[in-house]
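J.: Take this structure first; my questions come after.
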């Protein structure tokens, strides 16, 4: 047997060695023409007016946004570079941490000189606040380090003085802050306490002999931590501290402390250390602060909620400590509003880059001799990006509604703004991170290059899920607020009013058993499903908490043990609020192409939420068959949205210079020249 095998191999080798030269072939070995870049605009058409869609998406202050885009693009301070014959602006990530910090401050001073921050603290009213939101969002699209530094200075330090202070503080600090004569930071977070603000350990006492407050860091866990601007640039700090008067703890209060002199030297009785290098936002100089019996004037207590008289008497119109604590934190809602809206603009940058690239980059052929196929013509690629695009549209409408709610706030609406901003801050920042990761992968190796924006945005924006409230903690607070509203209405036998719970005054919606395509796309059906989910989860949650309490568990432990229902409920609340925002925007549109496309986007948003949230199946809102119906409809919607992909990302209104080179002629951008 082995001899036969050896003989056979020998014959094969002999034939191979002795065979005559091959005859000339008619097959050409000439090289195929090189790949050529074709702009997406050549083959894609716009099925609606992108300028009108942009007005709908941005919602406000388009001219102000374009003005600031122009300032950034025209200045070499913003790292202008040419790639593929086009101008791009983005931070230079080859710089050291120290260089990034210094260039960020230089850019702020350049924008100050151009008048960008005029009125950010000294002008009031909805128009002024909306303009500030718009300009802040543009800064965040360029570089979130720039945006975060502005957020610390204006939204935390500045707003603390504006909301917690009184006339004497406003007159002394606001204009100087707006003109950067004072550089502020916000010292709340500690090494040992972040989300649990009530538990912070910094202690302030009062000395009536000198009429001064004395601030102390009593232990290492009380050091102020992650304080933006503290490591280098800030010369003053808002200090959040426990206040002890006559050995009685009056809870959290807010003080102004000078931490550096005008020459940048650290003041006596203060120690400051650098937090060091981070996974992103290295243009922000985060620092740690210790106070060693630091004395500040009595007038440096921000006294809109409580005050201390010269002889040391504590005075507050709000006697309940919990209500007083809530009053101190309520004005900080603006931070969550801006974080949520900035997250959506970051997702827009990622999607614009990834989708434009997918409309010009080809790979593999559907048939042996055919051309390679555009990435976005693959159903799998559509599935990766188009649902995220629809979600980003839906969340844009929700973010705009939230901003309008905030700038038109009244004492009666403060509670709703607080709850909505918590839910949307969590959902929108999570969405941004998921979107950027998918866009990074969808761009392949090119997504790894920092000049293409997507990958580095992930590192910079990651912290959004943590600061201004850890997302999971915020979502638990949303569920607690809904629980309290439910219990209150039931106890008083009053109809539900506010927090979007009015649907619970109506009979329970009945869902059809057969889900046809037209049913799944029906706005009435979509709203009914989302309302049913929220209603059922709220009732389950309150029942579970009540049952645990009846078994002897404390109220707080009952909430903790019900965390799974709490998570499902808060997500249902936030997703329903987003759907309602799309429905409201759609209802205002006249019949036409934009309304039709917004309808497709709304259906995609609603159905992808149904597909992705296990609670629709877990609690029986959908059967196993109907889950399959939903999934198939999402695939159909991908096919229908595909022709609008370019128009939808163009409608973001983002200048070409703010995107990455792969969004345009990626061959020329990578040429040897």
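Numbers run from 1 along the shown chain.
Keep in mind that glycine also has a Cβ here, set from the backbone N, Cα and C atoms.
Automatic prediction, not curation, is the source of TrEMBL annotations.
Per TrEMBL, the features are:
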type     : residues : note
DOMAIN   : 185-293  : domain 'Acyl-CoA oxidase/dehydrogenase middle'
BINDING  : 189, 228 : FAD binding site
DOMAIN   : 332-482  : domain 'Acyl-CoA oxidase C-alpha1'
ACT_SITE : 468      : active site, proton acceptor
DOMAIN   : 535-660  : domain 'Acyl-CoA oxidase C-terminal'
J.: For residue 228 (FAD binding site), which residues in the same chain are close in space, meaning a Cβ under 8 Å from its Cβ, but six or more apart along the sequence?
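T.: Listed in sequence order: 148, 149, 151, 152, 156, 185, 186, 284, 285, 286.
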J.: How long is the line from the C-alpha of residue 189 (FAD binding site) to the C-alpha of the residue listed as 'active site, proton acceptor', rounded to the nearest angstrom?
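T.: Checking the Cα atoms of residue 189 (FAD binding site) and the residue listed as 'active site, proton acceptor' gives a distance of 10 Å.
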J.: Which residues does the residue listed as 'active site, proton acceptor' neighbour through Cβ under 8 Å, counting only same-chain ones at least six apart?
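T.: The list for the residue listed as 'active site, proton acceptor' reads 332, 335, 336, 339, 425, given in order along the sequence.
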J.: Validating a neighbour-count step here. Other CB atoms within 10 A of the CB of residue 189 (FAD binding site): how many?
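T.: I get 20 for this one.
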J.: Tally the residues of the domain 'Acyl-CoA oxidase C-terminal' (535-660) by DSSP class, grouping H, G and I as helix, E and B as strand, and everything else as coil.
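T.: Helix/strand/coil tally for the domain 'Acyl-CoA oxidase C-terminal' (535-660): 102 helix, 0 strand, 24 coil.
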J.: Note the mean pLDDT of the domain 'Acyl-CoA oxidase/dehydrogenase middle' (185-293), expressed as a whole number.
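T.: That region's mean pLDDT is 96.
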